[in-house]
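Visitor: Supplied in structure tokens, the structure appears directly below.
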Amino acid sequence: MERAEAYGFSGAMSGAFLLSCLLFAAVSRRQRGPYMDEVFHVPQAQAYCHGRFLQWDPMITTLPGLYLLSVGVVKPAAWLLGWTGSVVCSVGMLRFINLLFSSGNFYLLYLLLFKIHQKNKAVSGFERILSALTLAVFPTLYFFTFLYYTDPGSVFFTLFSYLMCLYGNHKTSALLGFCGFMFRQTNIVWTVFCAGNVVAEKLNEAWKIELQKKKDEKISSRKGSFSDLTRILQFLVEYLLSPKNLVTLTALTWPYIILVSLFFVFVFINGGIVVGDRSSHEACLHFPQLFYFLSFTVFFSLPHLLTPTKIRKFLLSLQKHPVQYSIVTVISLFLIWKFTYVHKYLLADNRHYTFYVWRKVFQRHELVKYLLVPFYIFAGWSFADTLKSKSIFWILVYFVCLLAVTVPQKLLEFRYFILPFLIYRLNIPFLSLYRQLLELAFYVLVNAVTFYLFLNRTFQWENSDEVQRFMW
């Protein structure tokens, strides 16, 4: 990092932290007590603060990583600063932990952008800082910076694990992956993703050698005809069935293999991936979750996905491959018909935006969910088109992990899309400076509207005196 870039990054990070502190104060003044899931998280953390480590709220479905780390930060800070009484492990103090995680995420996003795009010499330091700032204020993640939720910490340890993986520190990466798992069990998928990165890199190296041996064959490692794809799949099977290659890959990924093995032991002993209340978190094959994620991605990528050039390119692709798109359309319609699930929380909780998305869009008519298929196909094409700079093996690993982290979820919840979106966004080519500025402005606008609604547009339920607020 050059000196000017270092100064610029320090200034951006300090400014973002200051503004976040001001917003944090506003949120804490308006919502002093625990809200939504904080009703479970805050008392649990406070029980740990008082040394009651065997106490557990059965309504909590995640492991105690957030509470253990909170105690590890707050208790020493209270001792050093002489804090006593209710201020220690208060709601505000616990929420402040996530503000620290938010700053850490800003730094990690910058380092990841630097590492992933280090070969692109055309990217300036200002553009890296701007992109890191934009992703740091990504609306769905940024909102939960100001509440005591698991999301900021979950993202922090997963991004840190990914960064260490890219630098080849796989034991450290697996250890950080374990920390991410302790915040949210589904983060084990991103441990698999890190291992998959190593495998994809080796596969890509071997594939390039394969291409050199067959120079007369026009085969691309990134895109091509159906016969090219068949050749790649044949190569993939042959490579992974080779004992020598398997030994090499095992030697490289053993820390991740150990962690994933421990995960399966946990699932066996626990009787499932969820701890605590399992009645509302049943796994199922909810394939339309992939379509919802693609729609979510298009919405938060409006400045660079919904452009006239992109739309023209998509229409040309439709004309060129009508049979393939017809097959995809039929499969999509079938998946929506047979595998659409509606969680009871989605229909009952009018505090979440997903409640209004479902009511205003999907519940307007039974046919709406089918009529959206052309948009889903455009979203999927746009998504794949922006990742074409990555190798086919990396894309395969990412897509498998994306399916694993979204499809089993019965509840439509935007928080589940944060990590797959960030990893996608980190790996696409840098946008033009104009589009980066447009994206940042869009995120700031969405955040402004979100916090305005949360702080000022309160309401009450008929059977409750508590103030209710809109949120992600």
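Using the three backbone atoms N, Cα and C, a Cβ is placed for every residue, glycine included.
Okay, so TrEMBL annotates it like this:
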- 6-27: transmembrane segment (TRANSMEM)
- 65-84: transmembrane segment (TRANSMEM)
- 96-117: transmembrane segment (TRANSMEM)
- 129-149: transmembrane segment (TRANSMEM)
- 254-275: transmembrane segment (TRANSMEM)
- 287-306: transmembrane segment (TRANSMEM)
- 326-346: transmembrane segment (TRANSMEM)
- 367-384: transmembrane segment (TRANSMEM)
- 390-407: transmembrane segment (TRANSMEM)
- 440-459: transmembrane segment (TRANSMEM)
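Quick one: where do these features end up spatially?
Guide: Sequence-remote contacts of a segment are chain residues at least 6 beyond its ends whose Cβ falls under 8 Å from one of its Cβ atoms, and for the transmembrane segment (96-117) they are 1, 9, 13, 16-17, 20-21, 24, 66, 69-70, 73-74, 123, 128-129, 131-133, 135-136, 141-142, 144-149, 151-153, 155-156, 159-160, 162-163, 166-167, 422, 426-427, 429-430.
Panel annotation: around the transmembrane segment (129-149), residues 5, 8-9, 12, 16, 20, 23-24, 27-28, 34-38, 41-42, 45, 66, 91, 94-95, 97-99, 101-102, 105-106, 109-110, 113, 155, 300, 414-415, 417-418, 421-422, 425-426, 430-431, 433, 436-437, 439-440, 443-444, 446-447, 450-451, 454, 471-472 of the same chain, lying at least six beyond its termini, place a Cβ under 8 Å from a Cβ of the stretch.
Beyond its flanks by at least six residues, the transmembrane segment (254-275) meets 60-63, 170-171, 173-175, 177-178, 181, 185-186, 188, 191-192, 194-195, 198, 281, 283 of its own chain at Cβ-Cβ distances under 8 Å.
Long-range neighbours of the transmembrane segment (287-306) within the same chain, counting only residues 6 or more positions beyond its ends whose Cβ lies under 8 Å from a Cβ of the stretch, are 138-139, 332, 335-336, 339-340, 369, 372, 375-376, 378-380, 382-383, 386, 402-403, 406-407, 409, 412, 414, 416-417, 420-421, 424-425, 431, 435, 438-439, 442-443.
Long-range neighbours of the transmembrane segment (367-384) within the same chain, counting only residues 6 or more positions beyond its ends whose Cβ lies under 8 Å from a Cβ of the stretch, are 288, 291, 294-295, 297-298, 301, 305, 310-311, 314, 317, 325, 328-329, 332-333, 336-337, 340, 361, 395, 424.
Within its own chain, the transmembrane segment (390-407) has Cβ neighbours under 8 Å at 186, 189-190, 192-193, 196-197, 199-200, 203-204, 207, 221-223, 232, 236, 285-287, 289-290, 292-293, 384, 416-417, 419-420, 423-424, 427, counting only residues six or more beyond its boundaries.
For the transmembrane segment (440-459), the list of distant contacts is 23, 26-27, 30, 130, 133-134, 137-139, 142-143, 300, 302-303, 467-472: same-chain residues at least six beyond its ends, Cβ to Cβ under 8 Å.
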